[in-house]
Amino acid sequence: MFFPWEKPRREQETGNLLADTRIRAPFHRLMTLISGTAVAEKVLEECRRDIAELAKLGKKPGLAVVLVGDDPASRAYVRSKDKKCRDLGLHSVKLELPAETTQEELLAHVETLNRDPAIHGILVQSPPPKHIDEAAIVRAIDPAKDVDGFHPINVAKLALEDSSGFVPCTPLGCQRLLVDAGIETKGANVVVVGRSMIVGKPMALLLMAKGVGGDATVTVAHSRTKDLPAICRQADIIVAAIGRPEFIKAEHVKEGAVVIDVGINRVEAPGTEKGYKLVGDVAFAEVAPKCRAITPVPGGVGPMTIAMLMANTIKACQQAGA
Ligand SMILES: Nc1nc2c(c(=O)[nH]1)N[C@@H](CN(C=O)c1ccc(C(=O)N[C@@H](CCC(=O)O)C(=O)O)cc1)CN2
């Protein structure tokens, strides 16, 4: 498996490809639509190769996904993770617990999974119900099985550039999209909009780290940032992870910038079959014509999150003792 923030094993794997759609934007410049669906498929192909190697050693990676409550979006993501595991031939445990599950009961489940040798990766789908102390649950997961990369040990390893740790799947996927699209991060001015533990902070650390997909000059902006449009207009690359539908407008983006849209927001769409549609944190229609490259929603960062989870689970199995 090729994790961009580690040294690339084969230089050609970082080539400029899979930016599969090129659209002629105004000013006769070509704009690249970076397809997360296509890059995710490439990552999954690498996973298949690694799984075959592990099988020769009699090892099969196993992932346990725990869902507490019945949030429909979370349920759908958990189903996708379970399905992706099964498609790849991984061992998959899907634990669906009622919304009333107590903190102690959830901790007991995590402990059982920590001790299970067939399970190499554990995650609790976020967000859990309000009465659950999510940070305490994350700290209870064995860091060697923390494939979400949320445990303090893994956060520290990322900051220390220790590649034995696990990096959260969404920022890892964003970095891989940049590398695969041939977008140079070395020396680039990157503005990450959003300071969450799941995306903003680890994204900034990854982009700052030395090596492929890193070496960038990073600014982290957030809800208290003054004159956000002016800050964003300095950026060669913008990573939008604010969680507000279509928040980043044309005025935030300089001509020729690269925009990675992490947002997945359900907005009402009366008359459609589902009654909602998905939009990102970027106002795509007005921003895309200014960009050198941009990710769509859906089909951008989202599919990468699940592909990188599979990669992290394989890495956990590779690193596990015999
Ligand atoms: N424990 C975790 N919880 C959450 C994480 C996470 O990484 N770990 N991330 C998100 C949700 N998420 C995975 O859990 C996730 C979100 C979206 C997608 C995705 O593929 N989206 C598609 C659209 C899917 C749709 O139709 O709804 C896309 O963008 O193309 C995958 C995973 C919060 N919780």
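Any Cβ shown, glycine's included, is placed from N, Cα and C.
Confidence across the domain 'Tetrahydrofolate dehydrogenase/cyclohydrolase catalytic' (34-148), taken as the mean pLDDT and rounded to a whole number, stands at 98. Taken from TrEMBL, the feature domain 'Tetrahydrofolate dehydrogenase/cyclohydrolase catalytic' applies to 34-148.
Annotation source TrEMBL lists domain 'Tetrahydrofolate dehydrogenase/cyclohydrolase NAD(P)-binding' at 168-319.
Cβ-based neighbour count (10 Å, all protein chains) for Ile264 (NADP(+) binding site) stands at 20. The NADP(+) binding site annotation in TrEMBL covers Gly194, Arg195, Ser196, Ile264.
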How do the residues of the domain 'Tetrahydrofolate dehydrogenase/cyclohydrolase catalytic' (34-148) split into helix, strand and coil according to DSSP?
61 helix, 18 strand, 36 coil
Among all chains shown, work out which of the binding-site residues Gly194, Arg195, Ser196 has the most CB atoms within 10 A of its CB.
Gly194
Under a threshold of 6 Å between Cβ and any atom of ligand 1, which of the binding-site residues Gly194, Ser196, Ile264 are retained?
Ile264
